[in-house]
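> Annotations per Swiss-Prot:
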- 468-479: compositional bias 'Basic and acidic residues' (COMPBIAS)
- 1387-1408: compositional bias 'Low complexity' (COMPBIAS)
- Asn599: N-linked glycosylation site (CARBOHYD)
- Asn1026: N-linked glycosylation site (CARBOHYD)
- Asn1036: N-linked glycosylation site (CARBOHYD)
- 1-20: region 'Disordered' (REGION)
- 455-479: region 'Disordered' (REGION)
- 1342-1408: region 'Disordered' (REGION)
- 1-136: topological domain 'Cytoplasmic' (TOPO_DOM)
- 671-686: topological domain 'Cytoplasmic' (TOPO_DOM)
- 731-765: topological domain 'Cytoplasmic' (TOPO_DOM)
- 817-901: topological domain 'Cytoplasmic' (TOPO_DOM)
- 1197-1217: topological domain 'Cytoplasmic' (TOPO_DOM)
- 1298-1305: topological domain 'Cytoplasmic' (TOPO_DOM)
- 137-157: transmembrane segment (TRANSMEM)
- 650-670: transmembrane segment (TRANSMEM)
- 687-707: transmembrane segment (TRANSMEM)
- 710-730: transmembrane segment (TRANSMEM)
- 766-786: transmembrane segment (TRANSMEM)
- 796-816: transmembrane segment (TRANSMEM)
- 902-922: transmembrane segment (TRANSMEM)
- 1176-1196: transmembrane segment (TRANSMEM)
- 1218-1238: transmembrane segment (TRANSMEM)
- 1239-1259: transmembrane segment (TRANSMEM)
- 1277-1297: transmembrane segment (TRANSMEM)
- 1306-1326: transmembrane segment (TRANSMEM)
Amino acid sequence: MLTLLEPPGAKRSPTVGNYNNRSAQHLLNLAPEEDDLYETYEETEDYAENEPTGNILTRSFQFLDQYLVGQSSSADYNDRWKREFRARPSWCDADLCLQQMNRGKATGNRYALYSRSLIQKLLFALGNTVHRNAWSIILAVSMIFAVCCYGLQYVHIETDIVKLWVAQGGRLDEELNFLPNIKEAMRNVTGDSGPELPRENGLGGGYQVLIQTPEYEGQDALAAGPLLKHVEIMKHIASFNVSVHGVDWSLSDICFKPAPPSVAADSAASSLGDVIDKIVPCIWITPIDCFWEGSKALGPHPSLPKSSLGPLGMLLSSLSDGDMIRWSDFDPIAVIDEIHRSFNLGSHYTFFERAGVSHGYMDRPCIDPLDPECPPMAKNYFDVCPHIDRVREIAKKYGTELEEEKKKDSGYSFFDFLGRKKREAGDQPKMIHPAQPADSIPTIEDAVPAQVPVSTAPIPTTTTLSPEEARAAEEKEKKQKARELKDYCKSYRKSAFEWLKKNKDKWPEVMSENMYPQNVDYAAEMTGGCSGFASNVLNWPEDMILGNPRRAKKGGKLSGADALQSVFLVASPADVFLRFKQKPGRNSMKTGLDMDAWNETAAEQVLQAWQRNFTKSLYNHKANVDEDGNERRTLHPLASTSIADMLEEFCQFNYTIILAGYALMLAYAIVTQARFDNCLPATESSMGLALAGVLVVTFASVAGLGLATWFGIEFNAATTQIVPFLTLGIGVDNMFMLLHNYRDVVKLAGGHAEMAILMRETGMSILCTSINNILSFLTGTLLPIPALRSFCAQSSILLTFNFIAILTIYPAIISIDLRRKKAQRRDLVCCLYGDTREESYSMISKPKIQSKRIIGAPSEASIMQQFDGITQAQMASSDDPAPWSLHSFIRYYYIPFISKPASKVAIIVGCCALLGASFIGMRQSTLGLELGDVLPEHTAPAQFLRARDKYFSFYPMFAVIKGPNIDYAHQQRQIDNYRQSIGSSKYVIKNKNEEPSEKYWLGLMRDWLISIQRGFDEEVAKGSFNLTSGTVIGSNVSEDARLAHALMCSHGSLFGCAGRVGKIRLVDASGIINSDGFYNYLTAWFNVDHMMYYVSQASFFPTPPKWELSKNHTENFIPAAEPLAYSQIPFYLTGLTDTAVIVDAIKDIRSVCERFTDQGLPNFPQGIAFTFWEQYLFLTGNLMQAISIITISVFCVISVLLFNPWAALMVVCILGIMTCELAGFMGLVGIKLNPVSAVTLITAVGIGVEFTVHVVVSFLTALGTRSQRTSSAVDRVFVPVIHGSFSTLLGILMLGFSEFEFVVKYFFIVMTALICIGIINGLILLPVLLSWFGPRREISPTGGKTTLTLPPPLPKNANSSRSGGDDSDEDDEPSGLVMYSRQAPPTTRTSGGNRGTVGNNTRRLPAV
């Protein structure tokens, strides 16, 4: 059949050239034979009814034929479309293929064609519907999308990193929520019994951390400079204040403090409750606790004057001479001893002994021995008094006059007199410098300088003094002289120390070398860690406070370290609220605080404000800037609010980056679709469609996010930083596929149902790619990481919306643009017409030529002369590839190249080498995800985490015992064994006895009971108890003994002393606590020794009831505590340097926990390591499961849509190769395997379909040999696939500008690599494999032909019910032009809807 574009004799005319996109395919040996373009139909060949048979298969075919065959007629299309059909029949119309198979003209995969026919008919109907109702479709779908967008107002961005990371519904989630769930179940209402230890929630919780890193490479942190710098930073933190609710708050207000010993209400010390609360220091874990300077930051803050102690402050001679109570000169044990001598402290005194509260910091060495306040008890104390005169002399010699410090006039009081008298009466310790021989110390007389005014008043001699009186007078004179010397030394002490610091080179003129101030060996002092003010219970392992500690030999003392770390424990909001809540009989703890507005919410606001300002203050500290003003970050703070605040800030949509990314995509889409005519957009240009396509995809993405919000899917960093760009890049792929086929279909359809044909021919590829993309992200939700589940779920929803939009709104817009083209209006500037509109004929817009006009041979030339120019102009842009275009390169260079056998072998060898390299990369791949990578660069939390990963391998953990169905009383030995088994792990820090370094509640309770038993035994020896009746008969029984009596009498709900007092032991010889009264003892220990309870970090729930010891021993029943539903044992882990080691430690400790759970002691571990690395135990299994599921899904989807398992298998094989190569690439470039990279591997399977399925579908639908079909497939789809690849690349390009390192590393880099790998495998390797092993074509003409002829037109009555005959505009009706054929068949041919007898020697030309 001829077309009006090619009259007889003009086919090979050089002026006509290649007139469609198959015209040059003779270069690829794909052009059909010229005689095959025409077919003469005989009436006898028209469809004969198949005789029904009993064959079930035949009957099924007949049933399917009834609905899927015979709905399309070859008369509906022009010759150009028929040319396309003959080369790739099933691509164009599976119905016509089945008609030819029924006629016996072809054989093939009937099942695939039935499936294809069904899908094509649905798509055809969709295209027709959209074309007829374009504006209605746009309005309706847009309204639905707009309703979905309404959900965006409910967006919630999740910033809790634990909720983002911990798998929901899994073992870890159950363990983290065990305590809240058990509290909810038991509904226990707790009173004001005291603060709970701040619970760590993964990255801090109640822990605020500071890391100090070296100022330059190689700096030793265990030197005076870094240590003193840390002291100053700690002082800065301790004195840092924020104003909230009109009140200033410092760290001491919100820090965690162990509860002070309880004081009975009738005690003389009860009025000192507020003072004791202020004196008890904050618990912080710091390396400077090894030294006296550690006390400087303890305060108290604000300063606590002695006057707050009332008369006691004046009477206590053990207090320092200053007006303020400070830990830097406070000797706790001296004060306690003095108070104990006056007021019997009872069990509280033994508590201080057990806790190791001795001299506080007074006996610890000084970092700087030239500090004027360095106490005499320090081992490197330097006494400057003997050298004061010499210092003054030498200083004056060099032009410096030491400044005398004026003595403060503090007045005089009676209490001061008493206090001083007591001090004078006491013996003062005589301090000897370590390097100074005792006999070399000058006597006081010798040390007093001549200019010191010494009292020389003669002793009255009116009476003769006895020898004793003379000696007393002499002694008094010496003391007077010593006091005067002390005052003199004190007045110049500070200035003398300052001069010595600045003039170390002058020391030889002042003193001999052996008397120089001596620095201690800092590394030796810090070996084994440091201790807080209670040295027996507050121990800080060196791995916790020192970064990368070094030793000269294993087991020896430290030789150095790289960093210092301090940890501040911050109380819970409930504790802060109770701390400042007005208490009966007590003064307000915070002046100016509005008690009416004071509640837990207000306390939480105080905590958050302080923590935020703490981080900001240290991050901008002057220590982070060098002398030249350049950033030199050495202080790295982290507060529990830091990560949440940072995530909330950076998880917001960055509209600048988003707009830039979308503008770049718009520019690319417009440039690729632009066609110009006289510097104006041509009619065949599609810039408007490209612009509309990007906007449609954007609108669909926004609507998808809105629906995701309706579904309750929370936003996170992946949502805001990745999803907009990734879905844009993937979503526009289908847009480019539609636009690429749009031009061809418009020319091929000949004005008949263009949109329906476009959807029918392109829809299959869109279905395959879109469904697989959606499924791949849905499969990603199998990974149990909430943040990644949200990301995958949102991506799948957005891709679904993109899919809907690309099948509804976008075709409707194309339909509107089609009318523009038919009207010959220019693109974008629709008010202008194309230059050729008036004088030319278009395939789309045809002049109204008389339908019955007969064109004879003599007028052929004149007719073609009229249309030849427009034909050349319209076809130049798409039919014949433009010179130097990508399509031209593909057709004329690339396809011939890959068709050569040598090239195929080279490609296979190269791809095998690439695959081999990927296997090497996979072997090098390691597990892990640096927590710093998931946070934005140049933020305080990210810098902190990187410093922590570099310098520290220390993590705290807890072993949690799950009640309440545990019999603690009878399972004590098992609990001890459980703790010992965990402690035996090589990762647990141990003490010198090879036991876990941290004491735990059962051991501390046991020690307390033993001390109580010891006090009881002493009273029994004195006869203070009647062991028969169990009564107290002594008059002055110690508090410990009375407490032991109450413990022995209380057992369960009973109180009976007879037969128990003196007969039972609170703790037996094997260390087992008496089981009868175990829960009674637990109550007593919790209330009496509760400071040890808090130190033990036991976190009991439910907490034991309140109880206090009464003076009436008959009223001392101790109520039993409820069985514990929750308790925990602390451990410290070290050596956790990387993910592999951490995972091994988790496995080791988990195995112990599981073993004891099987033995009847339910338990689980908890801590940072378990929270963030637990998923690595199951990552490989989850990854393999997800990849298997998506691979099977892809196989099933392609098999169902194409009904060709062999084609699906080839696609899956290529996808498998791509996944392996991507995994190998990540291993080679050092991208670790973790849940984030696992998502990219899973989605790579679905995204990889974009590079393969288009080629396979085109290959299946083409005719010819495998090589010819491969060449045809590459020629047809290479350009749109490349456009899709570049659009995806442009979409993810903006990810490279994200502040999040994990976005850049795990999405931008990996996705870019995926695109490159996809192009290599989909457009280079796959064509080679298809040319060798490709699946059989879906249909094969009989008789060995390489083209398939069309079936005869359907009878009018058979064709009347088909859609499409009147679906297009009026301009689409066939023109009815008739011309002579070059052959004169005896039959009549009809075209379009106008079928009639034309004559024996004529035939009607189809619409063009």
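Note: Cβ is positioned from N, Cα and C throughout, glycine not excepted.
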> Which whole number is the mean pLDDT over the topological domain 'Cytoplasmic' (1298-1305)?
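PLDDT averaged over the stretch: 79.
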> Enter the number of other CB atoms within 10 angstroms of the CB of Asn1026 (N-linked glycosylation site).
15
> Taking a Cβ cut-off under 8 Å, which residues six or more beyond the ends of the transmembrane segment (1306-1326) line up next to it in the same chain?
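For the transmembrane segment (1306-1326), the list is 722, 726, 898, 907-908, 911, 914, 1210, 1214, 1217-1218, 1221-1222, 1225-1226, 1229, 1231, 1236-1237, 1240, 1244, 1247-1248, 1250-1252, 1255-1256, 1274, 1278, 1281-1282, 1285, 1288-1289, 1292-1293, 1295-1296, 1298.
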> Reduced to three states, what secondary structure does DSSP give Asn599 (N-linked glycosylation site)?
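Where Asn599 (N-linked glycosylation site) sits, the three-state DSSP reduction gives coil.
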> Fewest other C-beta atoms within 10 angstroms of its own C-beta: which of the glycosylation sites Asn599, Asn1036 fits that?
Asn1036
> Rounded to an integer, what is the Cα-Cα distance in Å between Asn599 (N-linked glycosylation site) and Asn1026 (N-linked glycosylation site)?
51
> Provide the three-state secondary structure of Asn1026 (N-linked glycosylation site) computed with DSSP.
strand
> Calculate the distance in Å between the alpha carbons (Cα) of Asn1026 (N-linked glycosylation site) and Asn1036 (N-linked glycosylation site), and round it to a whole number.
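So the alpha carbons of Asn1026 (N-linked glycosylation site) and Asn1036 (N-linked glycosylation site) sit roughly 14 Å from each other.
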> By DSSP, what is the split of the topological domain 'Cytoplasmic' (1298-1305) into helix, strand and coil residues?
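Across the topological domain 'Cytoplasmic' (1298-1305), the residues distribute as 5 helix, 1 strand, 2 coil.
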> May I have the DSSP-based helix, strand and coil counts for the residues of the topological domain 'Cytoplasmic' (731-765)?
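Final tally across the stretch: 31 helix, 0 strand, 4 coil.
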> With pairs fewer than 6 apart in sequence excluded, do the transmembrane segment (710-730) and the transmembrane segment (902-922) have three or more C-beta pairs that lie under 8 Å?
no
> Which of 710-730, 796-816, 1176-1196 shares the most C-beta pairs under 8 angstroms with the transmembrane segment (1277-1297)?
710-730
> Using DSSP, how many residues of the topological domain 'Cytoplasmic' (1197-1217) fall into helix, strand and coil, respectively?
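Computed counts for the topological domain 'Cytoplasmic' (1197-1217) are 19 helix, 0 strand, 2 coil.
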> Answer with yes or no whether the transmembrane segment (1239-1259) touches the transmembrane segment (687-707) by the criterion of at least three Cβ pairs under 8 A, sequence separation 6 or more.
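No, the stretches stay apart by this measure.
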> Checking distant contacts: for the topological domain 'Cytoplasmic' (1197-1217), what same-chain residues at least six beyond its ends satisfy Cβ-Cβ under 8 A?
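Sequence-distant neighbours of the topological domain 'Cytoplasmic' (1197-1217): 109, 111-112, 114-116, 119, 764, 767-768, 771-772, 775, 911, 915, 1191, 1245, 1248-1249, 1252-1253, 1256-1257, 1259-1260, 1321-1322, 1325-1326, 1329-1330, 1333-1336, 1338.
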